[in-house]
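Each remark here refers to the structure printed beneath this line.
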Amino acid sequence: MECFGAIGTLLGCSAGAAVCGLLFAAFKLGLLYQLFHKTETKSPRHGGESVAEVLRAHGVKYVFTLVGGHISPVLVACEKVGIRIVDTRHEATAVFAADAVARLSGTVGVAAVTAGPGLTNTVTAVKNAQMAESPLLLIGGAAGTLLKGRGALQDIDQMSLFKPLCKFCASIRTVREIVPTVRKALAVAQSGTPGPVFIEFPIDTLYPYHLVSKEFTVKNPPKGLMGKIITWYLNNHLMNLFAGAWETRDVSPLPVDIPQATDDQVQRCIELVSRAKKPVILLGSQATLPPTPADDVRLSTCLPCSNSMSRGMLGKNSPIHIRQNRRDALKEADLVLLAGTVCDFRLSYGRVLNRRSKIIAVNRDKTQLLKNSDLFWKPTIAVQGDAGSFLVRLSKGLKGYSCPKEWPQSLKAGDVTKENANRAKANEKTEHHLNPLKVLHQVDELMAEDSIIVADGGDFVGSAAYILRPRGPLQWLDPGAFGTLGVGGGFALGAKLCRPESEFYTGCLLY
């Protein structure tokens, strides 16, 4: 655009404006691009192949879908390059399954659905992924590039629908845009605070030239000059749609930007923790995110911990894991480390924190890092960075430090008291129905060490959260802060594909 303005200045106002206008029109119509890039009208290739190439280069193994005509080329191409296509019976299930894959594999989960109602059916699942901070790519079909807003089948304003839900939204306009756009979307999904991204593919960007060209043929064009203009415009649009489409492009992953704590911040936290007598760590789901393996985080954790979204991080019977008495521990603690944990309703908006405690908050998202800090709590040190790598660095700096043994022992004793009370309730007889606490205790005793628990439900799952003991990191999956019901089928499907050797419990019923 600046070059057009420079030309206008050199040629004078009126002549320059005319030239600039012509150049701008040529640019918008793709005429300038077509001068240097060929349109291969005989090529049988299609846009779905470009999508598949990028996904394969990024290590994507599964695409979840409910098949539709708008997106069929993507599915066919993915299958040809070895990406497994998993068909579901509802679009929300496809997104929930992709969400589970993202959490368990450390890669981006991918779902592909058809236009219009296919996409609207995913809204709840996409919002859940946003609030659970799961990196997810949603591929959606769309009406043809020239038919948007003209009443085509399943044509709605999909971009406006997904912009509030996704970190990145894009609509493909030409086939040559597919590779760079998909690469960017996959990088954005994993950068900063992970989350969903959305790309819509107009149907004419996915099918091969010889099929698309038939749709651009005007059977009875208007006579005279107007007919010639319409025919030229349609032909030019078609040629620009495929211009440079099959030129060699880099499909490798772009760098992922993950915020990290500074050395100074880590050192300040080390000094603060080393003076604490009653420290407590609250582990959030961000502690399980790449690039730091969950096992490294687990091995580096040496302070008493309570966790919610990262259940299982410390295994089944860790002496520093506080499962039952989190509220009491927070009241007594003189230092609390919020490692990816948010002060939302799950922490009573921060009211459970002792105002006299030193509080270290670590979160990739600045908004979540300081949520409700203007009302009920104040961080002593707030670090916008990755929780997992922060904990590993903190542990290295705390070598030789350990809090007084009486502190974790007293917390564990409180846990034992509460667990005995729960078991007593489980042994109470019921007149007509099963005692749910008894069922949960028996499931916990029977679960194999590699079992994955998929929590889908309300009160029953609330009870399961403090009775069932996940055996290791990433062996408990629940919807997260959004509290979505109906995630069970999709989560179990995605998790089973990632961990085929594991047993699965969904809603505490064996699958």
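Quick reminder: no glycine exception, Cβ is built from N, Cα and C everywhere.
As recorded in TrEMBL:
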- 46-161: domain 'Thiamine pyrophosphate enzyme N-terminal TPP-binding' (DOMAIN)
- 266-394: domain 'Thiamine pyrophosphate enzyme central' (DOMAIN)
- 456-504: domain 'Thiamine pyrophosphate enzyme TPP-binding' (DOMAIN)
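When pLDDT is averaged over the domain 'Thiamine pyrophosphate enzyme TPP-binding' (456-504), the result is 88. Helix, strand and coil residue tallies for the domain 'Thiamine pyrophosphate enzyme central' (266-394), in that order: 45 helix, 24 strand, 60 coil [DSSP]. Residue counts for the domain 'Thiamine pyrophosphate enzyme N-terminal TPP-binding' (46-161) under DSSP, split into helix (H, G, I), strand (E, B) and coil, are 56 helix, 21 strand, 39 coil. Shown for the domain 'Thiamine pyrophosphate enzyme TPP-binding' (456-504): DSSP residue counts in helix, strand and coil, namely 20 helix, 3 strand, 26 coil.
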